[in-house]
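Peer 1: My questions all concern the structure below.
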Amino acid sequence: MSKDQIPVENLTELEASSELAFLAAELARHDALYHGKDAPEISDADYDALKRRNDAIEAAFPALVRADSPSKKVGFTPLPTFAPIVHARPMLSLDNTFSEEDLRDFVSSVYRFLGHLPDDSIAFTAEPKIDGLSMSIRYENRKLKTAATRGDGTTGENVTANIRTIKEIPNELPADAPDVVEVRGEVYMAKSDFLALNAQMEADGKQTYVNPRNTASGSLRQLDANVTAKRKLRFFAYALGEVSNGGQPARIADTQYGIVEKFREWGFPVNPLMKRFTSAQQLLEHYNEIGVARPDLDYDIDGVVYKVDRLDLQERLGFRSRSPRWATAHKFPAEQAFTTVENIEIQVGRTGALTPVARLTPITVGGVVVTNATLHNADYIEGIGNSGERIRPEDHDIRIGDTVIVQRAGDVIPQVLDVLLEKRAAGAAKYVFPEKCPVCGSHAVRERNEKTGKLDSVTRCTGGFVCRAQAVEHLKHFVSRNAFDIEGLGTKQIDFFFESDDPALSIKTAPDIFTLKARQEASHLTKLENIDGFGKVSVKKLFDAIDARRAIDLHRLIFALGIRHVGETTAKLLARSYGTYEHFEKAMKAAADPASDAWAELNSIDGIGEVVARAIIEFYKEPRNLDVIDRLIRELQPKEAEKPSTEGSPVAGKTVVFTGSLEKFTRDEAKARAESLGAKVAGSVSKKTDILVAGPGAGSKLAKATELGVQTMDEDEWLALIGG
């Protein structure tokens, strides 16, 4: 992974985009090792930390969410060894919760989404999260028909023969069971059975197994079911997939708790620690009780799962791309360890951010050898958080030679939590943060926030385009997959061209890419085709690929510019709104005047808030940016943006504002429905507003809409307009 880690809140658009690309590839690799080969390289806590980092970046930069995002995936593509089975209902994973605050946020989000429900009126179930292998067992006419692993959430592996060897799983259901029912749960190996198996393996002179989870997964994937039968696998049932009678959807209970009780009646093992509560405090207390009992359980668990109990509320809450809104997994804390800070090195990020990294005496944390830990910024070294609060006692600054507590949780690189002062060497010098960039030697400064007057927590290099650490990353972003995506011009090639000072080869800014062919043709000395790694055919392909990108989609061009806060989705919004690059650039220059119509129009675009708008305007106010763009546009023919078709929609292309207390749907539901019909939902009323939907308590927005002559309607009229 990249070493120049900085806190999510301090990432720039380019830094976030690059790290999301890394995380997508890294998580996919670990998924393949964990789900496909049962040979993980990292602990569950480390994997969760990677996912948390990915999710945190996506939450901070929603416009950068990738098509191959780990947040859209579940599990791993099924292996070809087993026949595939398509799940009748997807087997989604759960979002993770790591703290009391996260838990309370989850409960609050449920109430917020449902709306108009009194406190403590929603019941939640809480049960141990079994560290095993998720399974869906399908019964037809009450007989076990098939069994499939989760796989990628849509398609799993057919392990029916192996599942039949697990004695705890019924081969037939009672007469009151529906015609079709999918029972979902976790296959696991008990700790006692695992120890006995390893003892036998050792006695036989064979290699022992690493842990119960991997052993259970490997045992279930045996091609010979007789091997599986000898492994003493077990099962806990906890959820339903498809349920139907006579081809029509059916229910066996109205609550999650009732489903588990029905499983018990049918003969399935269910977890005895599952309970039902109505407050976040009760859930937290049960979480702590399970944590205390954890060492004495005969099975591995890595957290507690909370679910909204009523199935009708689950249906209203629905799903995100890969997880339900009505459930979360509260994970247990990661492990900590003690080690020594051997050195503190400075890494320079893509926009000049100077990030200190502690080089540590190697130590094993959670089954992984740790040698580095992020120190975030100068304040963190001193024990001060990003909001200015003290996170460690005043004399607990981090120094070279200190013995420190390291934890792997919540970040890709481990964090140094605290210092053991009693082990600090006499005369240990305080760490002095550098005042110059270690890459280019330019001054490094902490900018002052114009609104708050506070110093930024991040120290940045002022070198700009003269600093290699920044300029080369701008180029890599420009040619990245969601930007210009030029075949044959990847990160390795960009490094080569950027490092060259030969006028016939050098690429320092984006326009240089499109003049490379002409410079090569004019050169009598340096020919790219004669350089190692290139050839006549590959050079021709590269030039053809560059020429093919001269006619570029408008949203790709806008995204490629690397404007802070402008990701792929935001770029598409801007492209659809302005149509052509000429119109876009002209509008951005005009929007520098906050009293202008251009400023109002920019802010009215759904998804473009004031922070994004100001970042775009500041970008177009910088003369050096305009110089690069002018040279770039002379080499391109940007395409006009295509406008989406929403044929038949009465609100397609209209700008809609919702205000007041909505009673028939939540604000999120209203926005989602309007956008699905092609409407643009804005947060404020302007001359561009077409419809104002006003609920009880509508105030200034209704008054302004009336003043501007905007069409207004109540919820019933809105529902009648869009067809309910």
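Every residue, even glycine, has its Cβ placed from backbone N, Cα and C.
Features from Swiss-Prot:
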- D44, A45, D46, Y47, D48, S93, L94, E127, R150, E186, K307, K331: NAD(+) binding site (BINDING)
- K129: active site, N6-AMP-lysine intermediate (ACT_SITE)
- C437, C440, C461, C467: Zn(2+) binding site (BINDING)
- 646-724: domain 'BRCT' (DOMAIN)
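Give me the local environment of each listed feature.
Peer 2: Remark: K129 (active site, N6-AMP-lysine intermediate) has I301, D302, G303, V304, V305, A329, H330, K331 as non-local neighbours, by Cβ distance under 8 Å and separation of at least 6 in sequence.
C437 (Zn(2+) binding site) falls within neither a helix nor a strand when secondary structure is assigned with DSSP, and so counts as coil.
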Peer 1: In whole Å, how far does the CA atom of K307 (NAD(+) binding site) lie from that of C440 (Zn(2+) binding site)?
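Peer 2: Distance (Cα to Cα, whole Å): 53 Å.
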Peer 1: Mean pLDDT for the domain 'BRCT' (646-724), rounded to an integer?
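Peer 2: Taking every residue of the domain 'BRCT' (646-724) together, the mean pLDDT is 85.
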Peer 1: Measuring Cα to Cα, tell me the gap between R150 (NAD(+) binding site) and C440 (Zn(2+) binding site) in whole angstrom.
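Peer 2: Here the two Cα atoms are 50 Å apart.
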Peer 1: Measuring Cα to Cα, how far is L94 (NAD(+) binding site) from C461 (Zn(2+) binding site) in Å?
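Peer 2: That separation, Cα to Cα, works out to 40 Å.
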Peer 1: By a simple count, how many Cβ atoms lie within 10 Å of the Cβ of C440 (Zn(2+) binding site), its own Cβ left out?
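Peer 2: There are 19 such Cβ atoms around C440 (Zn(2+) binding site).
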Peer 1: From the Cα of D46 (NAD(+) binding site) across to the Cα of C440 (Zn(2+) binding site), what is the distance in angstrom?
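Peer 2: Just about 34 Å between their Cα atoms.
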Peer 1: By DSSP, what is the split of the domain 'BRCT' (646-724) into helix, strand and coil residues?
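Peer 2: Helix, strand, coil within the domain 'BRCT' (646-724): 27 helix, 15 strand, 37 coil.
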Peer 1: Do me a favour and check the Cα-Cα span between C437 (Zn(2+) binding site) and D46 (NAD(+) binding site); whole Å is fine.
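Peer 2: C437 (Zn(2+) binding site) to D46 (NAD(+) binding site), Cα-Cα distance: 31 Å.
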